[in-house]
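Peer 1: What TrEMBL shows for this protein is this:
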| type | residues | note |
| --- | --- | --- |
| DOMAIN | A:1-136 | domain 'Toprim' |
| SITE | A:H49 | site 'Interaction with DNA' |
| DOMAIN | A:154-564 | domain 'Topo IA-type catalytic' |
| SITE | A:R164 | site 'Interaction with DNA' |
| SITE | A:D168 | site 'Interaction with DNA' |
| REGION | A:192-197 | region 'Interaction with DNA' |
| ACT_SITE | A:Y311 | active site, O-(5'-phospho-DNA)-tyrosine intermediate |
| SITE | A:R313 | site 'Interaction with DNA' |
| SITE | A:R498 | site 'Interaction with DNA' |
Amino acid sequence: MHLIIAEKNISANRIAQILAGNEKVRAVKEGSVTTYSFDTKTVVGLKGHVVEVDFEPGYTNWRSEVHTPRSLIDAGTVKKPTEKKIVNLIQKLSKKADLVTIATDYDTEGELIGKEAYELVRAVNPTVRINRARFSAITPAEIRSAFESPADLDFALAAAGEARQTVDLMWGASLTRFISLAARRGGKNILSVGRVQSPTLAMIVDREREIENFVPQTYWMLSLATEKDGVPVEARHTAGRFTDHDAALAAEAGTKEPLVVTDVKEGQKTDRAPTPFDTTAFIVAASRLGLSAANAMRIAEDLYMNGYISYPRTDNTVYPKSLNLNGILEALRGGAFDADIAWVQQHRRPVPTRGKKESTDHPPIHPTGAAAREALGSDRWKVYELVVRRFLATLSPDATWATTKCLFDASGEPYTATGGRLVSAGWRRVYPYSEAKENILPAFSPGERLPIKSVNLEEKQTQPPARYSQSRLIQVMEELGLGTKSTRHEVIGKLVSRRYVEGNPLRPTLVGRAVTEALDNHAETITEPEMTRTLEEHMQLIKQKQRSHKDVVNESREMLHRVFDKLEEHEKEIGEEIMEQTAEEHTVGPCPVCGRDLRIRHLGASQFIGCTGYPECRFNISLPGSIWGRAIRTEETCPEHGLSHVRLIRKGSPPWTIGCPLCSHIASNVEALRMMPSMTDELVQRLHARHIYTVSEIAGMQPGNLTDALGVGSDEAGRLIEEAKDALDILRRRSELRKFIRKIVPPRKGRSHAKINKNLLEQGIGDISALSRADPAVLKKAGIGDAAATELLEAARALCNERTLREAGVPAVSLKKYLAGEVGSPDDFCYLPIPYLSSKTAINPETVHKHVDMVCRYLGRPTPAKVTKAALERGREELLAIPGIGEATVERLYLAGIYNAATLREADAEAVSSITGIPKARLHDYISHLK
DNA sequence: GCAAGGTC
């Protein structure tokens with residue numbers, strides 16, 4: 001069997017189809033992996049890297065004394081499978097193979113992915129022949145020739161990729177751990193560092209600093225308005241920007257009629273058709289359509305998987321010779337672009353446009369099939385149309401413009417006006433994404449005199465550089481060689497998810513700035529794009545076998561050790577700087593009580609706003625738990641309290657905007673305050689004026705403090721405190737009820753808990769005890785279904801029973817036994833005979849009597865007589881001695897309070913029969929036997 | 001828990 005390993009499933013399929021020719025390809029799905037077989041060949045696709053490098057075991061604890069962040073530099077690495085199913089399948093197939101061909105992409109990573117596959121094969125089949133097919137596009141011609149003359153795997157090329165892997169891991173992981181530990185950040189709040197992400201972040205931070213430090217310069221622009229044949233014309237002073245106000249004023253004053261045309265220059269300009277799309281150019285164009293980089297890529301991948309466009313991750317801007325451009329034009333016919341295609345076919349430029357970058361891995365992004373608007377939906381259609389139109393534009397002629405430049409003289413002051421007219425739209429006919437702005441000047445001739453309608457001197461200011469948009473940043477990253485076509489947009493996503501940057505255009509957060517500053521000061525290598533360039537040079541040398549992988553990695557290790565020398569020396573200072581600078585991120589504004597800063601605090605799953613004056617000032621505002629989202633400060637400020645607004649953010653959910661935390665705190669507590677019978681509007685206002693907002697604050701106060709705060713008498717203060725305690729109790733019970741219902745009847749679509757709780761409250765059900773006594777009809781009215789209502793009632797009753805018994809003093813261990821014996825309600829204790837309770841629970845009857853006594857006293861009921869253990873045992877033997885009575889009957893008799901011969905003799909057969917279900921006749925037999 | 005690189 002000939003095993004062919006491709007880089008991904010879709011290429012495996014295409015390679016199989018091409019190699020099979022007219023033969024039918026059998027696609028077999030083995031679990032989640034598909035193989036494509038024909039003749040004696042089987043093609044299987046990887047998923048890019050199916051193994052990853054990691055440190056050898058023993059380095060997982062970040063705080064280990066032995067395996068410090070620095071020790072990662074010299075730690076050994078291992079490769080571990082990340083796609084187990086594929087790894088297993090490859091190895092299963094390898095055992096049967098007599099030839100293996102690696103057919104991964106033709107680039108460094110592709111060679112490395114190929115080598116990974118090679119090692120997987122070798123591990124289970126040490127002798128099989130393994131060769132390599134290299135092709136730059138999956139077209140019949142390329143694929144056939146690649147398989148007709150296969151080569152060997154290029155181990156030097158793969159080693160270059162491995163060097164990158166090792167260097168990235170050791171720098172990234174060791175520095176990430178060091179900085180995170182220094183700033184005491186763990187879990188979701190770690191501070192990551194990396195060869196690509198850190199310089200990218202630094203660019204955003206640098207740009208922000210430039211903007212902050214920008215000093216605007218004032219300048220003046222001078223223009224005049226004239227007209228000819230009713231057409232208004234604006235001419236600018238040839239001096240352009242005046243930086244000297246006096247000079248501008250002088251020129252303005254000197255601008256007088258006569259205005260004479262001194263020169264008219266006619267020219268021509270060509271407007272080059274755009275070059276084929278590589279990933280970056282595509283992302284930039286898509287961003288003009290309002291799509292974020294990640295979104296554009298997601299949609300492009302989707303279109304690619306469905307056969308509408310070619311592979312969207314490419315650096316290539318030149319169509320390869322093997323690409324059948326005419327064939328694609330034909331394939332696109334029969335849809336929305338027919339007119340455009342026909343025009344392009346008629347006016348085809350002889351050679352398609354080409355960009356600066358030409359690579360071998362994939363062709364530029366181009367359409368591969370016709371699509372219907374309805375089948376794609378709005379966003380996907382937008383992207384598809386962009387790709388189609390771009391393709392058409394690259395085959396269209398350039399646009400041409402006729403230009404006019406006119407010079408004027410206004411009594412010695414020189415002016416100019418320029419005009420442009422689109423002579424031939426060319427590619428612009430099919431690619432309408434940028435506007436062709438025409439400005440047609442009237443026909444002027446030298447010597448002609450014109451009127452001056454007005455002279456305008458405008459004062460302007462120079463502008464700071466713009467923040468990076470996502471697409472602009474991706475362009476700059478590409479220029480600097482940071483990241484790859486597949487990873488650039490992901491890097492930006494990573495910076496956002498680490499909360500280093502936010503917004504679009506991108507702004508750094510305080511954390512982002514603090515980390516960049518710390519690295520800039522102590523480990524600048526990692527914040528500079530230079531590191532990537534050096535690495536690439538070294539990789540080049542490895543590819544050319546001028547240096548070894550080991551040599552390059554060791555040099556990098558040395559450098560990283562020197563970086564750590566510096567870092568470790570300043571560890572404390574680095575940590576403190578970051579912590580200090582980022583504290584502000586959590587500060588929301590002045591404490592209403594003491595004026596110090598209020599800060600958002602995160603403590604595991606709970607979060608709140610507390611005063612930095614704690615414990616002197618105990619003012620705090622509670623926030624919903626972090627399952628509802630992490631609390632962050634926003635830009636908005638409350639005009640009344642001067643506090644930043646707060647928002648809860650959670651992945652995959654829209655943010656929950658709380659607004660001013662104090663306004664929200666007040667609003668959500670006012671209702672609770674009003675639950676206190678003596679509370680009045682006026683009192684609420686007085687409480688607020690003293691920064692007392694919650695019932696629990698009042699409940700926790702001393703009467704004296706409240707008298708001072710509100711100016712009320714001590715009796716009233718005492719009463720208010722008692723009322724607050726009561727209100728607190730009611731609230732506590734309500735919240736308990738809510739949690740209880742949520743646990744038994746979880747919320748789901750169409751069953752709003754807010755609504756259920758509100759309805760129940762309106763029906764007077766405010767705690768679990770009231771719920772246990774509720775009429776099922778009421779629950780149904782509140783929006784709980786029949787089955788759920790029954791379950792809820794039962795659970796509530798059980799809980800209330802258990803509570804009553806516990807409150808009466810029944811120990812928890814015994815309670816468990818009663819519940820297990822199904823005699824767990826207070827009524828069971830009061831009305832069931834002690835022998836029965838004892839036999840159901842295997843608890844000593846004297847102990848049962850003690851418990852029954854507790855419960856009866858607690859409920860104000862009479863306690864039944866005691867039965868000793870000895871008496872019970874003796875009685876049992878008496879009963880068992882009677883013919884026809886066995887263990888089961890004894891237990892039933894217990895239910896009627898009969899536990900010995902004496903009690904049986906005096907029993908009323910009729911009543912006992914109805915309780916125990918033993919036929920009257922048999923009871924009479926027992927009794928007569930005794931007699 | 002860490003990077004960057006493939007791919008989905």
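Including glycine, each Cβ sits where the backbone N, Cα and C put it.
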Peer 1: So which residues does the region 'Interaction with DNA' (A:192-197) touch in its own chain, when a touch means Cβ under 8 Å and the partner is 6 or more beyond its ends?
Peer 2: 167-168, 171-172, 175-176, 179-180, 477, 482-483, 487, 491, 494-495, 498, 515, 519, 526, 531-532, 535
Peer 1: Work through the recorded sites one by one (A:H49, A:R164, A:D168, A:R313) and name whichever has its CA nearest to the CA of A:R498 (site 'Interaction with DNA').
Peer 2: A:D168
Peer 1: Can you break down the domain 'Toprim' (A:1-136) into helix, strand and coil residue counts using DSSP?
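Peer 2: The counts are 48 helix, 42 strand, 46 coil.
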Peer 1: Taking Cα atoms as reference points, which of the recorded sites A:H49, A:R164, A:D168 is nearest to A:Y311 (active site, O-(5'-phospho-DNA)-tyrosine intermediate)?
Peer 2: A:H49
Peer 1: Which residue among the recorded sites A:R164, A:R498 has the fewest other Cβ atoms within 10 Å of its Cβ, if you could check?
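Peer 2: Result for the recorded sites A:R164, A:R498: minimum number of other Cβ atoms within 10 Å at A:R498.
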Peer 1: Which chain-mates of A:D168 (site 'Interaction with DNA') that are at least 6 residues away have a CB under 8 A from its CB, listed by sequence?
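Peer 2: Expected: A:G194, A:R195.
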Peer 1: How many whole Å apart are the CA atoms of A:H49 (site 'Interaction with DNA') and A:R313 (site 'Interaction with DNA')?
Peer 2: 16
Peer 1: Across all protein chains in the structure, which of the recorded positions A:Y311, A:R313 has the highest Cβ count within 10 Å?
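Peer 2: Output for this query is A:Y311.
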Peer 1: Tell me the residue counts in helix, strand and coil for the region 'Interaction with DNA' (A:192-197), as DSSP assigns them.
Peer 2: 1 helix, 0 strand, 5 coil
Peer 1: Can you grab the distance from A:R164 (site 'Interaction with DNA') over to A:R313 (site 'Interaction with DNA')? Cα atoms, rounded to a whole Å.
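Peer 2: Computed Cα spacing between A:R164 (site 'Interaction with DNA') and A:R313 (site 'Interaction with DNA') is 20 Å.
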Peer 1: For A:H49 (site 'Interaction with DNA'), list the number of other Cβ atoms lying within 10 Å of its Cβ atom.
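Peer 2: A:H49 (site 'Interaction with DNA') is surrounded by 17 other Cβ atoms within 10 Å.
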Peer 1: Can you check what DSSP calls A:R164 (site 'Interaction with DNA'), collapsed to helix, strand or coil?
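Peer 2: A:R164 (site 'Interaction with DNA') sits in a helix per DSSP.
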Peer 1: Secondary structure at A:R313 (site 'Interaction with DNA') (DSSP, helix/strand/coil)?
Peer 2: coil
